[in-house]
Amino acid sequence: MGSMESKPDREYASVPPGSMTRNDQRHSLAHDWDGADDPDNPRNFSYFTRVFSITTVTCVAFISAFAGAIYVPAQEEIMLIFDCSYEIAVLPLSLFNLGLAFGPIIGAPLSETYGRKAVSVVTTPIFVLFMVGAAVSPTMRDLITCRFFAGIFASPNINNASATILDYIPRMYRGVSLGIYYSIPSLAATLGPLAGGFIVQSRDWRWTQWVAIIMAAATYLPVLLTRESYKGVILMRRARRLGLADSSPQTIILGKKVQYFFVKVIQRPLHMLFTEPIVTLVSCYNGLIFGLIYAYVVSIPWTFKTYYNLGKSAQSLSYLGVSLGSLTACIPFSFIDIFFYQRRLRTWQQTYGSERMLPENRLISAMAASLLLPVSLVVAGWTAHYRVHWMVPILFQGVAMLSCLLIYAGANLFMLDAYGPLYGASASGAMMFSRYFVSFLFPLFSLRMFKRLGVGWATSLLAVLMLLMAPIPWAFWIYGERIRKRSRYETSS
């Protein structure tokens, strides 16, 4: 991997003192932060405000993903009550994930126009209303429809959370902060069925929806108490206070806004998905990883019922392995970031005077986990097949989940660093779409695949898919700089 100097980020306006008139100063304040100590910069908010906001958006994102997966244990009861097949009963889960894929089309433009807080304030009640609709649905059609729209309006809470965290966290710490956050949706996807299993045993299936509704409603007041963190909206509001709203770059006619959002939210991410090798391969890899996660979500109870004859409560507890894998993934990732990436970054800063280090340095966790994932899948599958003590497959399922998140975090941070602030959001949008679209597809066939092939061969098939993906981070480590130079979009090269 070669070495190449990157230009420093332009984070704050730099103007020689005394060189601007009072009017120029007012215009400057409306277009950028007034130095590193600007009180309107979210990174300068009080410690309590920052911690409160980050905790709130993380909890809301967790609940939004939790609401999707908590439905899984209700499928057997749904099949009996609505007299439908498994393929129909799984649709409320799959279509919730499909809604998450299309949600950014609503959330992204609204966030840039009205702010991240405003989007959560508006979309969270709509999400709750559709969840209420799902809880009281008299027909399968109503349940499927309500869950799909609930997914659409839950999506901005998940997508905006990582952006909000970055608004508060300095650039050098974003690896650790995002590494921790990336485990939240996966943790929710595994804890949801665990909790749902116990709910279905003590109540009926509708309570899986009511529990998610109560949790979402409980976080709404904290959302109202957070502060706006999106730079563009903060500066636009400051421009209005200074009487400069008309000169703000945010103040553009509706037609231009529609065109801008179409390009940024739909056209550019799709174009990058099919023309940029980095975006294409990272999206494929991360999409399959989330497909694997949801294959586990729908198949784990069947595995431990079929091969270990575990009861309902024990089947729910069998999610503990993947839940602990999700929960602990941030530990090795943070270790790698602090003791490898940060050390390299300090050396880079001393040599080049820039914080923009080569993005390939983000790939260490993904490279290591790409080898660990197929092995852990094979061990988990065949120890269950031969009925080795149930703790062994549960342990290796947890290792597989940990590996998934190390790959996801490392590859995603590499992509974000490669495309920078200008095109990173579009690249991330393409990846998010593929991630949730594959999560929509996998539940439709995964359980049938496990039943037909058995847990050993079905898991081995998933391991082969992961093995085929394993060279991707290694290829980027070797050829990443060369690929970035050929990009049609501005990258860190």
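Note: Cβ is positioned from N, Cα and C throughout, glycine not excepted.
Pulled from TrEMBL:
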- 1-12: compositional bias 'Basic and acidic residues' (COMPBIAS)
- 1-35: region 'Disordered' (REGION)
- 23-34: compositional bias 'Basic and acidic residues' (COMPBIAS)
- 47-72: transmembrane segment (TRANSMEM)
- 53-483: domain 'Major facilitator superfamily (MFS) profile' (DOMAIN)
- 84-106: transmembrane segment (TRANSMEM)
- 118-137: transmembrane segment (TRANSMEM)
- 180-201: transmembrane segment (TRANSMEM)
- 207-226: transmembrane segment (TRANSMEM)
- 278-297: transmembrane segment (TRANSMEM)
- 317-341: transmembrane segment (TRANSMEM)
- 362-384: transmembrane segment (TRANSMEM)
- 390-410: transmembrane segment (TRANSMEM)
- 422-445: transmembrane segment (TRANSMEM)
- 457-479: transmembrane segment (TRANSMEM)
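Mean model confidence for the domain 'Major facilitator superfamily (MFS) profile' (53-483) is a pLDDT of 91.
Within the chain, the transmembrane segment (278-297) has long-range Cβ neighbours (under 8 A, six or more residues past its boundaries) at 69, 72, 97, 186, 189-190, 193, 272, 322, 377, 397, 400-401, 404, 407-408, 411-412, 414-415, 418-419, 427, 430-431, 433-439, 441-443, 446, 449-450, 462, 465-466, 469, 472, 475-476, 480, 483-484, 487.
Counting Cβ pairs under 8 Å to the transmembrane segment (47-72), the stretch among 118-137, 207-226, 390-410, 422-445 with the most such contacts is 207-226. The list of residues near the transmembrane segment (84-106) in space but at least 6 beyond its ends in sequence, with Cβ under 8 angstroms from a Cβ of it, reads 67-69, 71-72, 75-76, 78, 123, 134, 140, 143-144, 147-156, 158-159, 265-266, 294, 298, 429, 432-433, 435-437, 439-441, 443-444, 447-448. Two recorded stretches are said to be in contact when at least 3 C-beta pairs lie under 8 angstroms, sequence spacing 6 or more; the transmembrane segment (180-201) and the transmembrane segment (390-410) meet this definition. 390-410 is the stretch from 118-137, 207-226, 362-384, 390-410, 422-445 with the greatest number of Cβ pairs below 8 Å to the transmembrane segment (317-341). Residues 52-53, 56-57, 59-60, 63-64, 66-67, 70-71, 73-74, 117, 120-121, 124-125, 127-128, 131-132, 134-135, 195-196, 199-200 of the same chain sit 6 or more residues outside the transmembrane segment (207-226) yet have a Cβ under 8 Å from a Cβ within it.
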